[in-house]
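Note sheet for the following structure.
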Amino acid sequence: MGVAPGSKAERKAALDAGAWMFNVVTSVGIIMANKALMATHGFSFATTLTGLHFLTTTLMTSVMKWLGYIQPSYLPLPELVKFVFFANLSIVGMNVSLMWNSVGFYQIAKLCIIPVLCFLEILFDKVRYSRDTKLSIMLVLVGVAVCTVTDVSVNSQGLIAAIIAVWSTALQQHYVHHLQRKYSLGSFNLLGHTAPAQAASLLIFGPFVDLWLTDKRVDTFDYTMVVTFFIVLSCIIAVGTNLSQFICIGRFTAVSFQVLGHMKTILVLTLGFFFFGKEGLNFHVALGMTIAVIGMIWYGYASSKPGGKERQVYIPISEKTQKHGILSSQSELDLKV
């Protein structure tokens with residue numbers, strides 16, 4: 001090993017920060033593009049649009065396979081079917097939850113993803129969290145709740161949609177980490193397997209789901225030049241969003257990805273005030289943002305400390321080095337491209 005531990009740790013920190021920034025930029029970009037598309041131009045076919053996102057992602061992974069950047073890899077069909085089921089249920093569930101619930105309750109439901117992921121990590125991965133890590137997660141949740149939750153009205157069908165959305169999202173994100181570890185798949189490999197299946201299923205069923213949700217047909221919409229431009233822009237940014245989600249969950253864990261994800265909520269709110277006027281910014285929003293940011297800094301500190309968040313697994317030395325070899329060469333590929 002010719003690399004000094006300090007420089008290796010610094011390189012990992014730099015790559016982590018790069019992966020995270022990639023995710024933030026693409027996620028915020030897609031929210032802004034979709035906001036323009038849906039709110040301004042009335043294109044409300046979210047499920048079909050997601051299908052187009054995965055179709056674009058499939059084209060990107062096909063080109064990269066052809067160029068030799070993605071090596072052939074194996075993912076059993078039952079695992080792929082399970083993943084696509086959870087992922088599509090998560091997309092449809094979140095759209096239905098937003099339609100049937102108030103924005104406040106929708107935000108609370110999204111906050112519940114973290115506790116569910118923690119439960120899944122404790123149950124399946126035997127992860128142990130320190131008291132500080134648990135408290136910092138709670139502080140983040142409180143901060144984001146203070147920021148985003150205004151009106152909270154609940155109805156029974158909305159509650160069922162929210163529960164399905166939260167559990168399917170948590171299972172999908174936990175599954176990304178599980179599949180990458182179990183089959184030594186890099187982010188590109190996993191996308192290469194899942195994107196075509198998601199594109200096909202969402203483009204077949206998406207128009208019907210959107211018709212049910214909006215009472216409008218996607219094929220009779222008036223596609224102006226501006227609308228078409230925003231659809232194409234949304235699809236291009238989505239390639240980065242899909243890829244960065246897999247890179248981030250692979251490099252961190254699903255829980256860390258969610259905690260960092262709330263940083264995007266804060267960022268979207270802040271950008272919203274800059275670009276779309278200051279009327280939404282008041283004392284409780286500013287207070288919530290401050291609490292959440294303090295919680296995120298604390299989480300970063302607490303979970304990186306020894307015992308802050310540990311997986312209780314004992315891997316034989318030979319297997320460990322072998323696995324490390326596979327994973328490090330794969331992460332090189334993830335970040336080279």
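Note that Cβ sites are derived from N, Cα and C of the backbone, with glycine treated the same way.
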Among 80-98, 99-117, TrEMBL lists transmembrane segment at 80-98
Can we call the transmembrane segment (221-240) and the transmembrane segment (80-98) in contact, meaning three or more C-beta pairs below 8 angstroms at a sequence separation of 6+? no
Long-range Cβ contacts under 8 Å made by the transmembrane segment (80-98), restricted to residues 6 or more beyond its ends, are 46-47, 50, 106, 109, 158, 161-162, 164-166, 168-169, 171-172, 175-176, 179, 193-194, 197-198, 201-202, 205, 209, 213
